[in-house]
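Annotation comment: TrEMBL describes 213-225, 236-246 as compositional bias 'Pro residues'. If you look up TrEMBL, you'll see 34-174, 258-386 marked as domain 'FAS1'. The region 'Disordered' annotation in TrEMBL covers 198-253. According to TrEMBL, the feature signal peptide maps to 1-22.
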């Protein structure tokens, strides 16, 4: 009896050991899976693209828990199917961080929480619940007897078999309806609305009420702000920013117009130095383009090459000197040779605002033309209307203009008024 008891006890130990090695654990306590797991086999097979998507979707821990509870069935598209048949836009949609939920839903749609091998495939149509709580349709194609899951064909049944799961190779990716609808909404921009940035509402300190927004400016109307408010903080700090999207006045392509008039200067000849300053030495061309795009108009008094050659090193050595020189030659008005000549003929002397605030450019009639500036630093209108397009006017002059520093005038005592005696007219009787 003792020997029989010892044999039965030994058989019980061997059977317990064999069952422990054959059956999977209920749930890994340490969070690690067996090296013989179907998840490890997924990494070493022809389905590494799918395994990479699982890793990016942060689903490894979820699948480890599913494997620990029960066997799983994975419908896996091969790497070449994902690379060849998957739409690049749809793939980029899945990899965006904000669409992580859609990627997780799509991947768990390929996994059944039970083991279904090809001999166990249902002969009739049958629905199975996936890990994403959706259902897939398992069928058998009648003419070819091919196994199918939804509309995808099983091209490699029972490709990978492990104790805790099985992998079937399918011809293409399965896309659940919820993920497809989410992708369609993103693509048609139904769920995304471009909102123009607006400032915070202003409160009137006198009434403690919100100020009413200004009325909209119609297209083509002159800008409401003065041009000095629209200019960049300083010519030597940074290039002017590009105009923002939208807006009621962004209907002029200012950058193209500035490039056009600079090309016209170069083809006209004799104004290469001015064009070089605008393009290479400063960011003024960018800022002029932005101003024109905002709806402002400009008149450029362009000194020719002979006048620019007379500039000394001291005049150009100071920081920001080229910008300040050009700013004084830009008038924030649209003037042509005819309009300026008519103005000086009518009013004698006219002072035009310049972008070098607060200095003004003096214009007057001289020798049948228009002369700008004061005294020896004056310049004549030499090449009129080099470029006129309704927004930018370029007038060639034969000198470089510099503003006259205003000094306070000395107080002069007014002279005593001269009294003129006028005889009274006498009326006849």
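Including glycine, each Cβ sits where the backbone N, Cα and C put it.
As the structure is a computational prediction, the values presented were derived from the model and not from experiment.
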Message = Averaged over the domain 'FAS1' (258-386), what pLDDT does the predicted model reach?
response = 88
Key: Helix-strand-coil residue split for the domain 'FAS1' (34-174), DSSP-based   = 55 helix, 38 strand, 48 coil
Ask   = Using DSSP, how many residues of the domain 'FAS1' (258-386) fall into helix, strand and coil, respectively?
value = 63 helix, 32 strand, 34 coil
